[in-house]
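Trainee: Structure in structure tokens, see below.
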């Protein structure tokens, strides 16, 4: 209920019905008395009615409920400024900027308050000087309107007269009137003075607004010279002002259109409140009514599309998104709104996807949305759609029977020593069945025959990952490591394979060959070129680098050279000797 009353209050405020807004916000506060936003909104409505005391009371309540909310201090500053309490207004705006230093509304309000405070001090000084010279005539009806700092506060608070304070000639005229209000008749020809007088007396004179009147030149051009001051006896009689044109009245059609737009906004707010409560049927009804009342706001369509999406009515969501895109382009709507409609369309299409091809239109929608506006959420949805499409393609292509046929064809080419052709069929087999360890093993053998050792090692490791008990995976990996002259690693691989198949002849032969190479290294049976190549390869091994950089191992190596007693103790440590053996196999260290 509080949300509905708040929505009505927002709609009334947008339509300029500030009294109605106060009524609706008061109703909402009665239902939710601890909601700081409601007090803030009612404060703004009171300020628009120039009821600054009430606006101040609500602003204080807002700050009390939510001390770290910057907008509360904006309301507080505006209320103080409306009451002419300039120093309090400045303090409120500064306090708000402590919580939100980049808030433009607070910065603008602070500038206005400081400007009003300066002008107020200047006006007070001028007024005091004038009173010391002569008291104002007792029969002057407007003398009080121009006295004191309250005049500048009222002119600053009104949006129309605030602009005039930037014009030097207007400020000078108002200063002249503060000194001698009886000279008012000299300035009545100037519509700005008439409008300022209306603001000061709270009377609505029929004058042209700042939007309708021709603005005087700014301070960069020559200022208008002030009228010559004369003694009251010599003052010219005031000229009769020319009749002002009546304000333009709206036609019935324009009034109806304005009312329809305001009602559409109300329905949108009510729809949003229902959506948050997951009352989707009610939300749909309000959004539909808003669309009927105002067909120039695309947000009503996109909001209804979002509701259909939550309800699982994806086809209806897509229809609304297409409608929003088409209408948005006709109205030249914000590109972000078009992007939002495209993103929702893509989301609905993803929800409907049943096969990989169904993701293609969703991906296309997300890509179009990103060309309109690059949004991180849309980019994530695009990546998710592409990933889901790829996974489904793999699932759809999966066929173990065809995979076996392709593997057999690969075996035929392997036996004919046509290794590139064999790789082609093994690859197709793996596309049909990515979990077949045998295909990885066979392709690893082909890569090894062709000298593509890194590729062969990768396939052998994948084979072991898929089936740790498959001995062929260990023989393939060990063979690649042996050809890469990583004898220690090859030995470890063969020994790991023997744990699963202790009598495997290929694994046993691999162990024998590795031990032979390691013993050869221990004896130093290398030619200078072989030793140099072996050491260079060993230094590229991260494990060897870590051993050599270890301070403990560096001390151990020093002890082996200089301290036989300490070396004997080190030799009893299996971990130390394992590292020493790795250095020996790499040709870095030679045992004599």
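Even glycines carry a Cβ here, placed using N, Cα and C.
Automatic, uncurated: that is what TrEMBL annotation is.
Straight from TrEMBL, here's the annotation block:
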- 158-197: domain 'STI1' (DOMAIN)
- 208-270: region 'Disordered' (REGION)
- 226-243: compositional bias 'Basic and acidic residues' (COMPBIAS)
- 244-254: compositional bias 'Acidic residues' (COMPBIAS)
- 541-580: domain 'STI1' (DOMAIN)
Trainee: Over the domain 'STI1' (541-580), what is the model's mean pLDDT?
Mentor: 84
Trainee: How many of the residues that make up the domain 'STI1' (158-197) does DSSP mark as helix, as strand and as coil?
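Mentor: Helix, strand and coil residues of the domain 'STI1' (158-197) number 31 helix, 0 strand, 9 coil.
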Trainee: Pull the DSSP breakdown for the domain 'STI1' (541-580) and write it out as helix, strand, coil residue counts.
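Mentor: Across the domain 'STI1' (541-580), DSSP assigns the residues as follows: 35 helix, 0 strand, 5 coil.
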